[in-house]
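Colleague: I am attaching a structure below and will ask some questions about it afterwards.
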Amino acid sequence: MKLQWKPFLLLLVVRSVEPNQRKLVAGLDKSISELKIMHVAGTKGKGSTCTFSEAILRECGLQTGLFTSPHLIDITERFRINGSDISREKFLYYFWGLWHQLKEKNVDGLLMPPLFQFLTLLAFKIFLCEKVDVAIVEVGIGGRWDSTNVIKQPVVCGITSLGMDHMEILGDTIEKIAAEKAGIFKHSVPAFTVPQLEQAMSVLTEESSKLSIPLEVAPPLDSEKLKGLKLGLAGEHQYINAGLAVALCKCWLQRTGYTKVLLKDDLEGSLPEEFLRGLSTANLFGRAQIVNDKPEKFDENSELNGYCGNLIFYLDSAHTPESLEACAKWFSNALWDNQHPTKNDFINEPHGNSDSQCSMKHCNQPERISKKILLFNCMEKRDPQLLLPQLMKTCTSSGVQFSKALFVPSISTYHRVDSATSPVPSNPSGEVSWQSTLQRTWEKLIHRKDVTTVNGLKLHNTHNSSSNGFIEVDPLDKCDLAGNHYICSAVIPSLPMAINWLRECARENPSIRFQVLVTGSLHLVGDVLKLLRR
């Protein structure tokens with residue numbers, strides 16, 4: 001199928017133009033308009049809602065395409081066909097095919113589109129060539145001016161939970177942000193959202209009424225409707241996303257004529273079996289994911305000095321105050337749910353969202369001491385004085401205390417596209433001033449005073465490694481408040497060094513289970529997963 005890309009390219013390249021000018025370049029290729037699209041925007045839960053929706057519709061027997069962002073380990077994660085990441089061979093085939101097509105059309109002074117806009121084009125090309133029945137498209141940032149909003153006539157639109165994020169782009173009030181998200185609404189296209197703050201809901205309602213479209217609020221999914229199953233994505237907040245996914249899928253099936261599965265829905269409103277299977281099998285890297293670190297040269301027949309899940313990573317890519325609260329609740333619940341190991345869940349398994357531990361024969365031993373460690377970073381545009389207090393408050397209220405907080409720079413950056421085969425750099429610049437700011441914020445929260453003004457203060461900054469290559473900090477040390485010696489946290493100059501230190505702690509302390517919460521940044525979570533895979 002040969003596509004005419006020039007009008008599409010024009011729309012993606014032109015960003016800040018007057019509305020009447022924008023109309024002149026808003027034409028979409030007929031082939032692209034044939035895709036039956038579900039379009040989802042929001043601040044929190046977009047990826048989860050799209051993942052639930054894809055799994056449900058795939059279980060209904062449909063060929064599915066899913067476009068999400070960003071990727072955590074490999075760029076192919078952004079493009080799923082029938083529930084699996086696109087193969088590297090297909091990705092390269094479509095990537096270079098589109099690149100050369102655009103180069104040929106690069107006339108009249110037009111530039112090649114920026115990265116995300118190019119990937120948006122690539123997603124549509126892939127979905128068309130793979131002949132998917134449904135294309136589920138997650139908005140990148142905002143909605144109104146997002147490159148995915150070239151979609152003229154989706155089947156249904158969804159808005160997930162809204163909050164204060166990307167304010168430098170979307171506006172500094174919840175009303176402004178809601179207006180940008182509502183920019184994906186289209187005339188005569190049904191729209192669904194979740195319970196929102198009153199200010200946000202009023203804007204969404206107003207924007208939908210302007211287009212004379214119905215806006216329905218999907219209630220959180222009732223856990224009883226799962227018939228004893230668990231959601232594939234962990235966390236209480238996922239019931240909100242699952243409820244929206246159910247509403248979106250029902251609407252999509254009805255509007256496209258795939259009503260056979262819905263006829264099985266009984267009068268009591270129970271979910272069809274296909275919906276139950278989709279909700280319980282949905283998976284997404286880096287969202288409430290638990291991974292047991294697999295020791296090098298692992299041998300199930302050896303005792304490994306009593307090794308059994310000594311080092312467990314709890315990964316969640318939360319990076320707003322609201323999402324960190326949800327992350328902290330999930331982490332606290334997961335700690336209690338996982339007191340007794342049940343099965344293997346090492347990183348080499350394809351997906352690891354399950355609340356699982358290991359079940360090796362030598363695991364049958366008395367419960368060990370547990371030490372909780374926070375591994376944290378966030379982008380400099382975010383305010384740690386909003387993020388860290390929310391995390392600490394929620395964990396503390398559940399009785400969870402961190403023995404140590406480690407602040408590390410990420411490997412990836414928001415403007416780079418890495419893959420699972422890319423080399424793992426250290427931190428060549430050695431710049432950790434931002435991580436030191438995060439540490440001071442944490443210490444102030446822990447000790448309820450500005451640690452930068454305490455006489456004789458000794459923050460434990462670990463800029464140097466010991467002779468054996470590991471970090472000179474003991475996870476079992478406690479603060480000496482009388483002596484103004486604060487060692488509740490550490491700045492570590494590279495993420496690989498931090499992972500090595502954690503592994504060394506697990507090897508040297510076989511009677512202790514180290515439970516590490518990794519959060520604050522999508523990039524950090526992706527980098528940790530990448531390192532664990534190696």
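Cβ coordinates are placed from backbone N, Cα and C, and glycine is handled just like the others.
Quick paste of what TrEMBL says about this protein:
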- SER69, GLU138, HIS166: Mg(2+) binding site (BINDING)
- ARG287, ASP316: ATP binding site (BINDING)
- 1-19: signal peptide (SIGNAL)
Colleague: For SER69 (Mg(2+) binding site), what residues in its own chain, 6 or more apart in sequence, show a Cβ-Cβ distance under 8 Å?
Modeller: ARG78, PHE116, LEU119, GLU138, GLY140
Colleague: Provide, as an integer number of angstrom, the distance between the C-alpha atoms of ASP316 (ATP binding site) and HIS166 (Mg(2+) binding site).
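Modeller: So the Cα of HIS166 (Mg(2+) binding site) lies 19 Å away from that of ASP316 (ATP binding site).
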Colleague: Around the Mg(2+) site (SER69, GLU138, HIS166), what further same-chain residues have their C-beta within 8 angstroms of the site's C-beta centre?
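Modeller: Going along the sequence, the neighbours come out as LYS46, GLY47, THR68, PRO70, VAL139, GLY140, ILE141, ASP146.
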Colleague: Please report how many Å separate the Cα atom of ARG287 (ATP binding site) from that of HIS166 (Mg(2+) binding site), as a whole number.
Modeller: 20
Colleague: Which residues, sitting 6 or more apart from HIS166 (Mg(2+) binding site) on the same chain, put a CB under 8 Å from its CB?
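Modeller: HIS166 (Mg(2+) binding site) has long-range Cβ partners ILE141, GLY142, ILE177.
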